[in-house]
Each structure stands twice: as structure tokens, then as C-alpha cells.
Amino acid sequence: MTALPATVPPTSVAAWAMLALAAALVGFSKTGIAGIGSLPILLFATVLPAKESTGALLPVLIIADLFAIRFYSRHVEWRVLGRLAPWVVVGTVAGAAVLYFVDDTLMRLLIGVILLAMLALQLWNRMRPKVDDPKPPSGFARRSAAAGAGVAAGATTMMANAAGPVMVLYLMLSGFPKLRFLGTMAWFFFAVNLFKVPFSVGLGLISWHSLLMAAVLIPAVAVGALIGRAVVHRVNQRQFELATLALSGVGASLLILSAVAN
């Protein structure tokens, strides 16, 4: 399928079907299994040029964030968000600078490699021998982890709306139960995505056409969000974590394959 400029709304039924599926998956990832969030990135980048697709997807993500906040607003760890906030600002500015210079193919490859690296780190953490009486991490270790996760999340979300796996790793390493995990993710990404809007507008990635496209896709987002909430209440913590990690790996692999194919 030929990619369309972000300022021109898609006209074919196939293109709109892919965008509707992507919007539903965005809703599902915000309220259900977070790892699937890489797949909408790929679908949007198939219909639109990869760089411009990040701006077109951003309003859809904000709409989905509102659904997640509505469902999980009581389950949030504000101290974690406070530790992350200043570092996310640094990462977002750095990501905007990178976005100005890289092309579409390099963008896909870079995102995919980052996602697979984060997934490998999470798998290593799950497979290493467990300590019977582990010592709690020091204040320096917590601050260092927050700094690394914040910068990485800010950069990847600005470059490609792909900070999900970074936050999945950080919050899973923190041992959050699934509802607190989703509630903290919801508020984090709502704030971050709003912060990104001026940068995306300045880079010419958001237009009136992309905002109209997001409005048309609201019903698809709502359907995905409702399904996600139903699913998350029917799976246990282990199933939730395994599904999140598996889908993160699939999404990262598809992004790398799409970059290599080009």
C-alpha cells in the first residue's frame, strides 16, 4: 500500500480499515494488554509515511489515554510519576531533535531495535535466579532507574509514540499489580502525550486533517478500550505480564522487518 502524506486523509476502504484496527488496538493497549501498543504504530506507518504517522497517531493516543484514566484513575503511583517527570522532559527534547534529522526507514529500524533491547532486559530480569531475601533498592538506584527510564521514554515517545515497552519494563521491574500498572501508565502517557503536542505541531506532524482523522476513529478507540478493560479483569497477574512481553516482542520484530524490507 502506498503511503500517503499526513496532511491528506486516506481515501481507500483498506486504508481506513487499517486505521480503524490500529485505533481499536490503541484503545485495547491502554486499558488491557500494554504490549500490543507497538502494532498500531506499524499499521499507521503502513498507511502514512513513518515520520508523519507519529503526529497522526498522537491525537488517537490522547483519546485512548482519557478512556484509561476514566477506568483506572484510582490506581496510580504518583511518586513514581514524580521521579520520572524531569527526565521525560529531557528525553522528549532529545527525541524531537533526532526526529528532525532521521528518515522513515531509519526511524522504523531504530524503534524496533530499542524495543527488542528493552524486551531482552526484561526477559533477563525474569530468568535470573531469585534472591530469597532481596535487599530493597537504594535511593540512588531508584533515582538512576527513573532517570534512564524517563529519558528513554521521552525520546522514544517523541520519535515514534513507542515509549510503551520502556514503561512496561520500568513498572514491571517495580512489581506493580496490573491495575496499578495500568493506572500509572494512563496518567503518565496522558501527561507526556499532551506535552508532545507543541513539538509535533512545530515539526509539522499534526494538521487539521490528522485531527479530523482522530475524531473519526473515536468509536474504534472506544470499542478497543472496552474490550481491553473486560480482558484485564479476566486474566491473572502472570498471564497479564507474559502477554504484555510477548506482544511487545512481536511488535518490535515487525518494525525491524518493515525497515529491512524498505
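From the backbone N, Cα and C atoms, a Cβ is placed for every residue, glycine too.
Keep in mind that TrEMBL annotations are predicted by a computer and have not been checked by a curator.
Here TrEMBL flags 15-48 (among others) as transmembrane segment.
What TrEMBL lists as transmembrane segment is 55-72 (among others).
Within the same chain, residues 51, 54, 110, 146-159, 170, 188, 191-192, 195-196, 199, 203 sit at least 6 positions outside the transmembrane segment (84-102) and bring their C-beta atoms closer than 8 Å to a C-beta of that stretch. Taken from TrEMBL, the feature transmembrane segment covers 84-102 (among others).
Among the features that TrEMBL reports, transmembrane segment is placed at 109-125 (among others).
Residues annotated as transmembrane segment in TrEMBL: 145-172 (among others).
The transmembrane segment annotation in TrEMBL covers 179-199 (among others). Within the chain carrying the transmembrane segment (179-199), a Cβ under 8 angstroms from the stretch's Cβ atoms is held by residues 30-31, 34, 58, 61-62, 65-66, 68-69, 71-77, 80-81, 84-85, 88-89, 92, 96, 153-154, 157-158, 163-164, 167, 171-172, 206, 232, all 6 or more beyond its ends.
Look at TrEMBL and you will find 205-228 (among others) tagged as transmembrane segment.
The transmembrane segment feature in TrEMBL is assigned to 240-261 (among others).
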Long-range environment of the transmembrane segment (145-172) - Cβ separation under 8 angstroms, sequence gap at least 6: 29, 34-35, 37-38, 41, 50, 54, 57-58, 61, 80, 83-96, 98-99, 102, 107, 110-111, 114-115, 118-119, 121-122, 125, 137, 181, 184-185, 188-189, 192-193, 196, 199, 241, 244-245, 248, 252
